[in-house]
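What Swiss-Prot says about this protein:
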DISULFID  35-53  disulfide bond
DISULFID  41-58  disulfide bond
DISULFID  46-60  disulfide bond
DISULFID  74-93  disulfide bond
DISULFID  80-98  disulfide bond
DISULFID  86-100  disulfide bond
SIGNAL    1-29  signal peptide
C-alpha cells in the first residue's frame with residue numbers, strides 16, 4: 001500500500017514540475033493608455049525618460065522588445081541556429097518562425 005502512495009507522490013511531483021516549465025511567460029506586461037499628443041502622456045511614469053504618444057498609445061522609451069521575429073522558417077531550433085540570424089544560442093523556433101531572444 002505504501003509503495004503505491006510513493007509512486008503516486010512521485011508521479012504528482014513530475015506532473016507539477018512539467019506544469020511549471022510550460023508556464024513560462026513570453027512577453028512583458030504593458031499599460032496601454034490612448035493618446036492624441038505626447039502632452040497627454042505626462043501622467044505616465046517611465047523608469048527611463050518620459051512617455052511619448054506613438055501610434056495613438058503612450059509608450060515609455062525604456063520598454064524594449066522581448067524578442068525579434070526573423071523571416072526564417074523553422075521546424076526546430078537547429079534550423080534557427082543554422083541560419084545565423086541571431087547571436088549564438090539565443091534563438092528559438094516558435095510557430096514555425098525563428099525568433100532572436102534578448
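Every residue gets a Cβ built from N, Cα and C, even glycine.
Of 80, 93, 98, 100, all annotated as disulfide-bonded residues, the residue with the shortest Cα distance to residue 41 (disulfide bond) is 100. Here the Cβ of residue 86 (disulfide bond) has 19 other Cβ atoms within 10 Å, regardless of which shown protein chain they belong to.
Candidate disulfide-bonded residues: 35, 46, 100. Nearest to residue 93 (disulfide bond) by Cα distance: 100. The disulfide-bonded residues shown are 53, 98, 100; of these, the one with its CA atom nearest the CA of residue 60 (disulfide bond) is 53. A Cα-Cα distance of 6 Å separates residue 74 (disulfide bond) from residue 98 (disulfide bond). Within 10 Å of residue 100 (disulfide bond), as judged by C-alpha distances, the disulfide-bonded residues found are 80; the full candidate list was 35, 46, 53, 58, 80. The disulfide-bonded residues shown are 46, 58, 80, 98; of these, the one with its CA atom nearest the CA of residue 35 (disulfide bond) is 58.
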